[in-house]
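The next block holds one structure in the form of structure tokens; read it before the comments.
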Amino acid sequence: MHIMIDLLPKLEKRAGADGSSREGGCQCSHHPGGEAQGWGKNRVRSAAEAGWPNNKHALRILQDFSNEPGSNLTSHSLEKRVSAADRGAAHGRMRGGREQHKALIEESSSVPAHRASRLSALFAHPLYKTQCPPLTDDDTLFNVNTDIKFYPRTTGQGWHHEEGNGEEDEFSPTAEGTAETYPNWLRFHIGINRYELYPRHSTVLEALLKDLVSQRITSVAMKSGGTQLKLIMTFQNYGQALFKPMKQTREQQTPPDFFYFSDFERHNAEIAAFHLDRILDFRRVPPVAGRLVNMTREIRDVTRDKKLWRTFFISPANNVCFYGECSYYCSTEHALCGKPDQIEGSLAAFLPDLTLAKRKTWRNPWRRSYHKRKKAEWEVDPDYCDEVKQTPPYDRGTRLLDVMDMTIFDFLMGNMDRHHYETFEKFGNYSFIIHLDNGRGFGKHSHDEVSILVPLSQCCRVRKSTYLRLQLLAKEDYSLSSLMEESLLQDRLSPVLIQPHLKALDRRLGLVLQVLDGCIDKEGFSSVVEEDLIEATAMSPGYR
């Protein structure tokens, strides 16, 4: 179960509150249904003939977002675009000690004119070859030993562990076997550690991505909660993934009058976010792949969820449609229709079951108000970050730097909807933020939402490794747009992003570096660009 953690107890002192906890989670509904087989072959029949049933800012920050209908944060367009020449001049300024880092960026940064792959050259760069510290039992999510057996289940979230004997098919990750004998989703789970969801050059990752698009779907259920329809799909090898169906075409942009909280969740944004996260070397987004799904054979015929089953119908254009149940956009007016029964969607690999690997859900200090008329405290208080930096867990360790990474990630995508984030409970405050739920990114390629960068401009802090990689990705030989385009070609639904979205990435990267340059000019390089603390901290006694 998710555990809701109060983040800002110091900010609550005026109200005299010291926090609360809340549990939530994802429950799959698997109830027997009475679906008839072969329905897709008779789509010309009508629905009836086919047998279908017709306080102060602190308290506000810590409030449950589900009680707040929305927000009317004004979008701020950048009034002055930074030209390529201006960006080059801005990035080329090396003040306050920046010269010592310039050599590292330029070394091995030249890519041959006729190279086979920009992406391969990027991952071969020294900045992408740093090693994690040696892993101890405390640094790995699972300590697998001979006393634990892993039993596949067709319900829940993929697997559980038990001690003793069992008669079900089992995966026993012991010294007697090899990792290659485990399903790829289990190998992915076992490989999660304090520093990353997966290694940079993981063969398991590539295999898992292939599974997401090729494994037979054996069961489908609606994900409980949430504002829009999402499905939990279970595969033949007992792995599970979250399916977000296509709601918009690649060319459609979010209407200018839409609030961010009423925007559609885009399947291609989930796919692109995974690739962007990997190129930035965060590796904090679970693997995501695009898949073309047969709505009749792979959803309707295998679901045991009666509520989902009952929402299937045939459109006037003779296409198979369904709409499910959710808070928004689940009605016949917003039905998801195939062509005639094929639909695109993103499939995000599940993280380990919460009963095995508990996660904490934290409120983002820079969460928006989710109200049509009210602003959040950070929008009106320019010194807001000073309070955050004095509040656990942001007063020590790596958490504030993690939020800065997440801020940069969200700005590049244009994602305004980061109200919460999660971490693995086992790793305490010295771990990474998991970058989940990115479907509201890549909504507008013609608009840069600079308010997303407020945490960075207020705090003026960034990891050294992040700063150096951003500089590298701003170089012509390693242009972010080209890297993303090449990486996304690997996905089954390519092209995932249209060219204007790709070009927007380069433009926004320039704006991020412009903000950091301003911070460095104001506060000095050493005050803004911090050494990567996680390696040093992890080796220190008593850090947990």
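Keep in mind that glycine also has a Cβ here, set from the backbone N, Cα and C atoms.
Curation does not apply to TrEMBL; its annotations are automatic.
The region 'Disordered' annotation in TrEMBL covers 14-42, 155-176. Taken from TrEMBL, the feature ATP binding site covers Q228, K244, E265, A348, A349, F350, L351, E422, D437. For E265, D437, the entry in TrEMBL reads Mn(2+) binding site. What TrEMBL lists as domain 'FAM20 C-terminal' is 312-528. Under the heading active site, TrEMBL lists D417.
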**Fill in**
Expressed in Å to no decimal places, the gap between the Cα atoms of A349 (ATP binding site) and the residue listed as 'active site' is 21
**Prompt:** Can you tell me how far the Cα of Q228 (ATP binding site) sits from the Cα of D417 (active site), in Å?
**Reply:** 14
**Average pLDDT across the domain 'FAM20 C-terminal' (312-528), rounded to a whole number** = 93
**Request:** For D437 (ATP binding site) and D417 (active site), determine the Cα separation and express it in whole Å.
**Result:** 9
**Request:** Using C-alpha atoms only, work out the spacing between L351 (ATP binding site) and the residue listed as 'active site' and round it to an integer in Å.
**Result:** 21
**Item:** Longest CA-CA distance among Q228, K244, E265, A348, A349, F350, L351, E422, D437, per record bound to ATP, angstrom
**Value:** 20
**Prompt:** Where D417 (active site) and E265 (ATP binding site) are concerned, what is their Cα separation in Å, rounded?
**Reply:** 10
**Asked** Least buried of the recorded positions E265, D417, D437, going by other Cβ atoms within 10 Å?
**Response** D417
